[in-house]
Amino acid sequence: MMVPTERGGFAMAVKMKNALVGSVGLFAIAMAFALLAIPQVSYADQAVDESDALAAADEARHGWVRDESDNWLYYDAQSNLYAGWLKYGGAWYWLNPETGVMAVGVVEIDGMGYHFAQSGALTYGWEFDNGSWYCSNGSGVLVSGWYSYNGGWYYFQEGTYAMYEGMIDFGGQLYWLKPSASGRMAVGWELIDGDWYHFNDSGCADSAWLEDGGDWYYFDPMTHVMATGWLQLGSDWYYLSDSGVMQTGWQFISGAWYYFDGSGIMAAGDWCRIGGTWYYFHDWGGMATGWLQLGNDWYWLRDSGAMETGWAQIGGAWYHFANSGLMSSNGWEKIGSSWYYFRSWGGMVSSEWINLGTEGDDQWYYLKSSGAMQTGWWHNSGHYYYFGSNGLMTSDSTSPSYLAGENNRLSDMRSRGWYVSPLLADENNTREERIEAMISTAYEYYGDTYKACYSQAPGGYVDCSGLAMQGLYAAGFDPWPVSPERHSNPAYEYESRNMWNLPIQRVSYSDRQRGDLIYYDNGYGTIIHVAIYLGDDKVIEAWPPSVTVMSTVNSIHPHVYGVQRPFA
C-alpha cells in the first residue's frame, strides 16, 4: 500500500482486525471525540480568505477553487489541476483522479475505505457522520467487518464501512449489536422487543437447551427466543416458568397437579412412584384422583393422588385394595386370616346374608359387621346357626345342632374310625324327646370303664367330656370343634372347658332342669368336670372308676361352676 505524500503518493501499512471473533464483552462504547486529534484544514496557512481565494484563483488559478457546482478543486502553483492525495495544512485530502473534485464522506481508494470530513480532511478514529458511526486506524483506513475496541466487539458493514446496530445473521448464527451500547456486541441475557435471548461468550444467540446458574432454559432453534409455558419436544412435554426456568418435581398448573422428573420430562399415561408412593398421571399429564379404571381394573387415588392400598371407606362403603392398588370385587377375598365378600362394584358385604347357591340348592353365608365371614356357631335373634370352616351354613335351629351330621362331618369322622352316637332325635323332635335321647344314650355307658381322653362306643372307654358329647350327638347337637377325634389328643383332655365356651344357653344352678349340663371346678375357678343332670339332684357322669349316677353335689365334686341348657 502507498502512504500519502506531498506529491500525492500513498504508502502506509494498515493492521486491522477483520474476522468473526470468538469472544466479546458487554460494555457501552466510549466514544472519545474530544480525545481524537482530527486535523482540520487551516485556511490561514494558505493565506486564503474564502472570498479573496476565489478572486485570486480566478486570476491565478492556483490553490483552492470552488467550481460552479460548489465542488472544491485544488490547483498548483503552475495552475495545474491537482489530483490524488494532497497534504495541505497538516491534513490529508483526496482529489478525484479524474475530476479533481475534493472528496467528502466515505470514499474507497485502492480497495480501502477512508472517511473525509465536510472540510475534506481525512478523519481518524471514531467519527459520526450522517447517522452512522465509522472507525479508522492511525493511517485513516476505515475498519471493515468485526473490530475489537476497548474490550468489546463491533461490526462494520462491508462496502459502506458503517457500524451495524441490531440483530445480524452470520451463517445461521444470530448476533445482537446493541443500539443502546453504540453497537457493542451483546453477551449474556438480552430482552429484545419483549422476548428474551441469551448470547454465549462468542456472541452467538443460544438455541435449544442452556444451563445457566444451575437452571435450564430452552431457546427456539429457529428464532432463538427463550421458551416459556408448555414445550413439546418429540413425544415429551416440559414446562418452563415465566422466567424460562425448566420445572422439575411437583407443579400446580391451571388447576391440576403435574410431575416432572429430574430431566424435566412430564409424567403422563402411566404409574409413577414418587417418594415411595404410587401416583397415576393421565395421558395429558394431570395427576389422577378418585376412582381410576384401567381396563377392567379399578383403583382409588386419594385427594393427594396417592394410590390407596388396604382398607378404605369411600362414600359410606368399605373397599379393599391389594398392595398393587387393585380393588377387590365380585367374590371372596382372604385378607389376613378372614374371608370377605365383595360386590361386583367393589363394596364389602357386612351384616348381611348372601346366597351363593343355585335354585333348589341354597348356599347361605353370613358376613359379620366387620365384613369377616362367619364360621362356627352364631346365635342371633333366638336362633343358633352353624357355619363350616368354609363359611357355609349347615344348621339353623332354636338350639345348636348339626342337621347334616349323618351325611357330613360326623360321617367323615366315623369313616376315620371315631365313634359318633347314632342320631336319635333332632330339631324336628320336641325338647323333651331330644333330652331323653341324650340321657338314654348316656345310660348305655353305665358301668363302662373311665379313661381320660376317650369317647368310645358303649362298652369301651369313656371320660366325662366323652360321655357328654356322645349324648349330645344322639340328640342332634354337634358340639364342634369339640369332638372324639380332637379329645383323643392329651392336650384336649379337659374338653369340658371348651364345651363351656360353646354358644349354649346358660342358666342359674337354682333353675337347673333335666337334660342340663352341670360343670364343676376345682374350687379355684378352673373347670375340671361335666355331668348330665337327671333331676332330683342326680347326675349321670363318668368319674373314676366308671360311669355312674351320683348326687349333683358331693364330696368328690363339691364345687358347681355353672349350668348349660343345650335344648332351650
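Cβ coordinates are placed from backbone N, Cα and C, and glycine is handled just like the others.
Feature annotations, courtesy of TrEMBL:
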REPEAT    227-246  repeat 'Cell wall-binding'
REPEAT    247-266  repeat 'Cell wall-binding'
REPEAT    288-307  repeat 'Cell wall-binding'
REPEAT    308-327  repeat 'Cell wall-binding'
REPEAT    329-348  repeat 'Cell wall-binding'
REPEAT    374-393  repeat 'Cell wall-binding'
DOMAIN    432-568  domain 'NlpC/P60'
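Nonlocal intrachain contacts for the repeat 'Cell wall-binding' (247-266), taken as residues 6+ away from its ends with a CB within less than 8 angstroms of a stretch CB, comprise 216, 236-241, 272, 274, 279, 281, 285-287, 305. According to DSSP, the secondary structure content of the repeat 'Cell wall-binding' (308-327) in residues is 0 helix, 11 strand, 9 coil. Below 8 angstroms of C-beta separation, residues 257, 271, 277-282, 314, 319, 321, 325-327, 329, 346 of the same chain, each at least six residues beyond the ends of the repeat 'Cell wall-binding' (288-307), sit close to that stretch.
Over the repeat 'Cell wall-binding' (227-246) the predicted model carries a mean pLDDT of 98. Beyond the repeat 'Cell wall-binding' (227-246), the same-chain residues lying 6 or more positions past its ends with a Cβ under 8 Å from any Cβ of the stretch are 196, 215-220, 253, 258, 260, 264-266, 268, 285.
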